[in-house]
Structures are given as structure tokens and as C-alpha cells.
Amino acid sequence: MHSCWKMKLQNEKTLGHSVSRSSNISKAGSPTSVSAPSSFPRTSVTPSSQDICRICHCEGDDESPLITPCHCTGSLHFVHQACLQQWIKSSDTRCCELCKFEFIMETKLKPLRKWEKLQMTASERRKIMCSVTFHVIAITCVVWSLYVLIDRTAEEIKMGQNNGILEWPFWTKLVVVAIGFTGGLLFMYVQCKVYVQLWKRLKAYNRVIYVQNCPETCKKKIFEKSVIIEPNLESKEALGIHHSDTNSSYYTEPEDCGAAILQV
């Protein structure tokens, strides 16, 4: 009896071990969700089909939509109007730096009440203020000198008409004043060119540039080329099918002849 009980206990132990091993194996083999280690970074993947600006890498919206100003494709196809305007002002170029397509632009000036000041350094501002002050003083002196000269000349002409002779000091003063006046005019012309350049800079700074989309004709041409290529491929496939059909018919004819001969 004791030996029977010992045999039963040993069998139960072996069965328990095998059951536990099978359960462990099933646990190990079952597909469970494995938690990723915390050291792996979690990145949000955005779909590649989203259109973004090639300058600021942001998407377009209702306030600032994306435009297609040139022939660039892929991720360089779209750009914001404001980003492109700022780039054109800073680079002073009118064409794409990649495909060399000249932008179709429409420029408009802002209203005078919305004009902004030029961004100049302190030294440039001091130079402009000094030159303006000097020119105002110079113009005042020239106008006063002309007035005095004309007044004295009129008196000397009256005296010369009475005497019939104009003295040399009159002609000397006239020549000196004419030379000085001519030099002043040349100097004013050079300085006025500087003022004109400043005025052009101010106008360019306060203009609004609207860049239009690339014309659809170019896109149509590209589309037409692809359409022309596709029918050629289809025609080649049709010709291949036709040749295969003719070959099959060619090989079936001898079979018909053989069948006819057998009947005879």
C-alpha cells in the first residue's frame, strides 16, 4: 500500500511540473504586448502629402494661402505670399534661384498714411540731416546773392546808360557770380541724385508686391506630353497583342488542314 501511495505522489508531482512547464511555455510563446523602453524617443510622424511653405515650412490657411510662383516641384512647389515678398525685398531679385523662372509680379504702393520709415543707421541719418541743412543754407545764400546782384546790376546799367560806359568791376562781378552759380548747380545736381535714390528706396520699401501663380499653360504642356507618351505605349501593347493573335491564327491553320486530310 505504501509503495502504491508513493507511486501516485510521484506521478502527481511529475504531472504538476509538466503542467507548470507547459503553462510557462504557452505564456512565453503567446503574443503579448511588449512595452517599449522609455529611452526611445516618441516622434509624431506627419503625412508627406501635406503642402508646406518652402521658406517657413508652415502650412497654408485662409489668411495666408500657399501659391505656386515657379516651376519647382516637390517640397519646393508651394510658398506663402508674405514669405516670398519678404524674400524678394531682402534679396532684390525677381526670379527663382533654382529654376530661374521670372516671377509674375504686380506692385502697388501703400497709402501715404501707411508709409513706414526707412531702416537706416544713425550715421546715415546724421549725414542726411547735415546735407539737408547745408543745402537749405546754400540755397538761401544763392537766392540772396542773386537778388543783390540783380539790384546792383540794374543800378549800374542805369548809370552806364547815362554815362554810356559800363565799368570793368561790373563785368568782373558778373563772371565770378556766374562761375560760382554754375558750380553750385552742379553740386546741387549731384546731391539731388542722392535724394532721388533715397526716394526710390523709400518707395520700394513701402510698396506691396503681389506674386501671381505660375501660368497653367506650362502645366498643361507637361500634362499633354505625358498624355502623348501614354498612347504610344498603349499602341505598342495593342500591336503586340495583334501580332500574338496573328501568330496564333497562323498556327491553327495547319491543324485544320490536317483534320481535313484525315477526313479524306
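The backbone N, Cα and C atoms fix where each Cβ goes, and this holds for glycine too.
Feature annotation from Swiss-Prot assigns Zn(2+) 1 binding site to Cys53, Cys56, His80, Cys83; the stated evidence is sequence analysis. Cys53 (Zn(2+) 1 binding site) carries neither a helix nor a strand DSSP state and counts as coil.
Secondary structure from DSSP puts Cys70 (Zn(2+) 2 binding site) in coil. Look at Swiss-Prot and you will find Cys70, Cys72, Cys96, Cys99 tagged as Zn(2+) 2 binding site, backed by sequence analysis.
Summarising the annotation, Swiss-Prot assigns compositional bias 'Polar residues' to 17-47.
If you look up Swiss-Prot, you'll see 15-47 marked as region 'Disordered'.
What Swiss-Prot records for 130-150 (among others) is transmembrane segment, and it gives sequence analysis as the kind of evidence.
Marked as transmembrane segment by Swiss-Prot: 170-190 (among others).
What Swiss-Prot records for 45-106 is zinc finger.
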Worksheet item: So how many other Cβ atoms are close to Cys70 (Zn(2+) 2 binding site), meaning within 10 Å of its Cβ?
Response: 24
Fill in: Shortest C-alpha distance to Cys72 (Zn(2+) 2 binding site) - which of the binding-site residues Cys53, Cys56, Cys83
Cys53
Discussion item. Taking only same-chain residues 6+ apart in sequence, whose CB is under 8 Å from that of Cys53 (Zn(2+) 1 binding site), what do you get?
Written reply: Glu59, Gly60, Leu66, Phe78, Val79, His80, Cys83
Practice prompt. Please report how many Å separate the Cα atom of Cys96 (Zn(2+) 2 binding site) from that of Cys56 (Zn(2+) 1 binding site), as a whole number.
Written response: 16
